[in-house]
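Q: Before I ask anything, here is the structure I am working with.
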Amino acid sequence: MDGLTAAESRELDQRLQKRQVKEFMSVFGNLVDNCFTACVDDFTSKALSGRESGCISRCVLKSMSTQTRLGERFGELNAAMTAEMQRR
C-alpha cells in the first residue's frame, strides 16, 4: 500500500481480514435465519422432513446465486467507475 510502512500495511491487512470475516458471518447468519424461518415449521422431530430439507436446499441455492450475482454486478460497476475515473 502506498505511503504505509510494513507494520502499518500488516495492521491494515489484519483489519480488512477481520472485517471480511465479520461480514461473511453476518451474511451466513442471515442465510441460516432466513432459510430456517422459511422452511422449518415442524418441531416434533429432531430430523428434518423431506419437504423441509428440500426447501432448505432450494433456499440456500437461491441465496448463494443471489450473492454471486450481486458480487458480479458490484465488480461490473467498480470496473465501470474505474474506467470512468481513468478517462478524466
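Here the Cβ of each residue, glycine as well, is placed from N, Cα and C on the backbone.
Here's the feature list from Swiss-Prot:
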type: MOTIF; residues: 35-59; note: motif 'Twin CX3C motif'
type: DISULFID; residues: Cys35-Cys59; note: disulfide bond
type: DISULFID; residues: Cys39-Cys55; note: disulfide bond
Q: Report, as a single number, how many Cβ atoms besides its own are within 10 Å of the Cβ of Cys35 (disulfide bond).
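A: Excluding its own Cβ, the number within 10 Å is 19.
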Q: Quick one: give me the count of other CB atoms within 10 A of the CB of Cys59 (disulfide bond).
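A: Total other Cβ atoms inside 10 Å, all chains included: 18.
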Q: Just the number: how many Å between the Cα atoms of Cys35 (disulfide bond) and Cys55 (disulfide bond)?
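A: About 8 Å separate the Cα atoms of these two residues.
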Q: Have a look around Cys39 (disulfide bond) and count the other CB atoms within 10 A of its CB, chains all included.
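A: Around Cys39 (disulfide bond), other Cβ atoms within 10 Å: 19.
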Q: Under 8 Å Cβ to Cβ from Cys55 (disulfide bond), same chain, six or more residues apart: give me those in sequence order, or none if nothing qualifies.
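A: Expected: Cys35, Ala38, Cys39.
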